[in-house]
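> Can you read through this structure? Questions will come right after.
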């Protein structure tokens, strides 16, 4: 094609029509004065906000900076990160199992999966967190053994119980474990829906081709369908991970005392410096979610490209 | 009838040289009856082409052969084995998923839309089933895959991914993938219908070579030239029934039935 500086006359038209312009277009662009007005208004508002940040004593920046990096808070950050990673891992595994159950065609498994998703999507995470924190009210001990032993053992004339292993609920479900359970079980329900959508997005021809090659159902799922579902599953899973990081703040209500938000609030209420510690919480969560977002960008670029561009990228990358 | 017969596990007597025997095959989808009683036999080494208007049930019949579709009525044997069922004391029992898979591993299938696995390389596509199903060692399967790629004329595409190939190349890889399982029978479901016209020839060439090598093939196609030149028999289907079958050149040049004549006058 011709560059803008060249006159526009192709080989097909040796004699340009008289009056046809060969000049590059230099028109006066449309003006948008309202954009300048909007920018001015926003600039003033921003200036007011920044001014407030520096002049309002409630922020107490020195206090915040001093406590934001104190040992219990930094430990809380690690608890938050570990709870995010663990509950996402458990949630993804649960989600795969539930999604496969839901699409299995087995009516019992389909119903169980549906019921599970219905319950854990229907109850708020905050309520779940508090509920799991108080599960010891329901079961003081958790035992592994044969069910209904208190009924059938006397009936058969046997004494004692059929429990092989017993543990105090408060020991097993310490605050952290209870909270982790609440978050992962809830996440499993959301991941199940995401993975189900991913599995259903894979063309039916893929399964048929694999069947025609003599592959069994389990192998087709593992080797053919799941890997292709990943493209669709990964972007929303990234969002779920970021949402989960924020939801770990709910652990403060289990309560999990070593958790980040609990620690920041504790410092705040102990010192009557509530606001600076809330700002510190915002800054910590913002920092970690920003890191996660960068990670998400790179993972998506690798796995979810429009038309398998990512896979091609992988081959090129692999060649070096 | 001095023909040799073999007796199957179900007590049916089949001609000894028949690889595929379809006996009164019916298939309905809900209330729509797609196959209304197909009787066909494919001998070992035979290349059978099936033609007919769309909706006539050709593809459905092909999918019944490897049990991608369950029959509604009738019986279908491949290599003396009843497909999809076991018959005991007059009752039919459905086979388990892994038993059906074992039956299918002897039957290669090539699809209209290729259906290559987009997340695997060309070699990955070809060795997937041998390694996973037949437990062939990876190195051995790879060597075999490269041989097959040579045979379909794509020796330099081993590490490419399906989306980097043209339609014709993808279909040739799909043929190589099916051949990697060393099938006794190859099914082709309109293998060239999704291809640009100038790419049809390269796929037909590969199929012609395969036929020359003695492979038993059932080909649903619209390529009348291929059917005439390569096919041992030609079957014309319409409205769920076999209307006419015979030697391709005869069926094509002097069809006996009005419906065959009407169809051929539109496509030839």
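Using N, Cα and C of the backbone, Cβ positions are placed for all residues, glycine too.
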> Can you check which of A:10-31, A:76-97 TrEMBL lists as transmembrane segment?
A:76-97
> Of the residue ranges A:103-125, A:126-148, which one carries the transmembrane segment annotation in TrEMBL?
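When A:103-125, A:126-148 are checked in TrEMBL, transmembrane segment belongs to A:126-148.
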> Using Cβ atoms and a strict cutoff of less than 8 Å, what residues sit near the transmembrane segment (A:274-299) while being 6 or more residues removed from its termini?
58-61, 63-64, 67-68, 73, 77, 80-81, 234-235, 238-239, 241-242, 245-246, 249, 260-261, 264-265, 267-268
